[in-house]
């Protein structure tokens, strides 16, 4: 029993070390992704400021439609695969399939090793549960995105060519280039999944930054050239930029990861695998559990696509090209913070939650909760934090992120509606600030916090939910979409709120999704012997008071003293924002110190 106690203690220490390592690598990954988003969005922002001086709202509306085309093909082709691959847990699958760690799995009935094949043929099959086989499984499965993407690109393009937008100059040529670029971008998926699995976020940052720079400079250069030489080339510059983005994405990924593939024994081309379990592999290439999970996630992803892109779809069907251009500008600026900060945190957190909470099944976590009653000394000596380390680590990380988001929400809601229109005048000029883009941007500031909270809660759910739970979520999302669509039509058509009505309908949709996700997360922790208290993530009362005061002061300034020079208005608003920032720093000092301690580089 003493030996068992010692082994249990050593196991707990080892588990703690692994969890801390995962957390630190995830924090590093989030940092790289945030820096990537900041750099790429900053560059895109600068380029866009040049472009909007040369482009009409109508052309911006067309470019938004083409971007929606690319997003649609990419989303349906790879989103469910990406989430499923992040939840890959070969060690657990191996244990469930009865394959021991000491005895590597041998080939299945299709493997040459079972048929007396040559040594060269035997070596062409990888053990699906070996380190190289694990990565090869991800690479093989990622090619399903290409297989899905090619027909999708053609089918969706056919519908686009039947719309009124096809009458715009060079629209069909631009659409063809976008389709080609989308397929080429999907060919980079094997590189993406390998970088994600090995948590080498520097490579992903390098690939996306290089590709973004090329896209921005090529698009901007062609627009300026065409305008200077009085050539009407429509949205061809955006299509050419998208093609360069896809090509450089492939070049960077594979050039930087080729050495790792040679060293570790996996290939970026599909390669056959072997497993002692006949039902584990499909055609010797694909993991059956991964394919089944992908199928479950595909349904959810399809519903989520309609929910996330529903505003764009409704905007295309219910408004003119000029209104679409104004909404696109406002939503791009409004979503800048979400894309630069929230999206990288969401992606890294989803990866971290998957690795933390997939290390043991729910059953094993439940049995661990009850283990002390068995009288085993080792478990009695283990502290609760050690026994529930992965679960409590995930709980602590989720709490910290939610509180950060709520603090940022205070800033967005208190300062954004007044300052955002001023900034739009500064960066876009009077040509755009006189459109509905200004009021839409102000309304969007209330929507951003909901977008962030929904993103992190659904990232957690996608990491831990079973296939049955994902199906249930999809059903609820369908109901939410019906309410969202009805609200959009009511606000835009009957109340004549235009694009602002679409933002408010989106906000209603997000609130419903957040409530559902929060209920699920609370039930998940409760079933595993933990609890998630909403009071622990709420901002300090002083922070709330400071936010309300700042919003009221800005509203008063807007009504009484704004309207002079833009510089004076910005200085007044900046003064209020500075006082609010200092107040938040004081009232939330304990939380900020905690975050600094967490993110401080380990010696």
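Along the chain as shown, residues are numbered 1 onward.
In case you wondered, yes, glycine gets a Cβ from its N, Cα and C as well.
Unlike curated entries, TrEMBL annotations are predicted automatically.
Between the stretches 383-403, 404-424, 530-550, 551-571, TrEMBL puts its transmembrane segment entry on 404-424. Listed as Cβ neighbours of the transmembrane segment (404-424) (distance under 8 Å, sequence separation of 6 or more from its ends, same chain) are residues 330, 333-334, 337, 341-342, 432-433, 437-439, 441-446, 448-449, 452-453, 456, 537-539, 543-544, 547-548, 550-551, 554-555, 557-558, 566, 569-570, 573, 576-577, 580-581, 584, 588, 591, 595. With pairs at least 6 apart in sequence, the transmembrane segment (143-163) and the transmembrane segment (175-195) have 3 or more Cβ pairs within the 8 Å limit; the two touch.
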